[in-house]
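Working notes for the structure below.
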């Protein structure tokens, strides 16, 4: 069977993301990658927790005084909502509704872009205050952890844009269904990491 | 590569069944989303309310763990069939993550 075969909603398989051997391999391989990503972020979280508030004498930048929760709250809501919109996109993917899937993915992308813009603003604000990467062990650990997550969001946005544009004329088939599906897994994983960042870094930081 | 795929046309009844099933899944996912928003609000509110750190920290960590479980099992479909290897990879990753964090917060003291 040619991978570019056209389907109808009636003939579209129940699990298009694992319908071919190639798709099954990508599915398993991508989850293995996510398991590895879990360990990557664990090392960064561990470093952050070990070095939290480790600042030289006379350095006033500590979690209690630096972080502002309203901004973090808005960022959390944006990313959490973008997780839901990518669920909507996968709902339409399973129903072979290509246009609706693309639309919901585009909305996901804009929400992610909003999140990233706020994060850039936040870092800019901190650096303006003097809380730079080399300010203290705490600042380096903070920027590395939160920045690596931000980098993941940025990579996800590039990936999403390429997916949407590259398949715009092709439509949905068994070749790209799994590509869309793995993107949605990646996006949910980014949200999973953020849940721990807003809890461990910001909420626990404000509490002290 | 994909020679083992045959295209099966669903009967109207089967198609109707599939649609209903995916609508039901969507509704449960929407409910889980509402739950996640609710838990996020509680976390932020608990911190803003200024309770003792010994109370707030366990609560927000627990809420984060539950939220992540909902993401994995409902949004990333780990509750569905054919996710045995997936669970192995993720629980392996989580175990290593736990050990790493535990080691860093207990052994390093400077």
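Cβ coordinates are placed from backbone N, Cα and C, and glycine is handled just like the others.
Those TrEMBL annotations? Automatic predictions, nothing curated.
As recorded in TrEMBL:
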type: DOMAIN; residues: A:1-206; note: domain 'Heme-copper oxidase subunit III family profile'
type: TRANSMEM; residues: A:30-51; note: transmembrane segment
type: TRANSMEM; residues: A:71-91; note: transmembrane segment
type: TRANSMEM; residues: A:103-121; note: transmembrane segment
type: TRANSMEM; residues: A:141-165; note: transmembrane segment
type: TRANSMEM; residues: A:185-205; note: transmembrane segment
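Each of A:30-51, A:103-121, A:141-165, A:185-205 was scored by its Cβ pairs under 8 Å to the transmembrane segment (A:71-91), and the highest score goes to A:103-121. Same-chain residues lying 6+ beyond the ends of the transmembrane segment (A:185-205) with a Cβ under 8 Å from its Cβ atoms: 30-31, 34, 37, 41, 45, 48-49, 52, 63-64, 66-67, 69, 72, 75-76, 79-80, 82-83, 86, 108, 112, 142, 145-146, 149, 152-153, 156, 159-160. Confidence in the domain 'Heme-copper oxidase subunit III family profile' (A:1-206), given as mean pLDDT, stands at 94.
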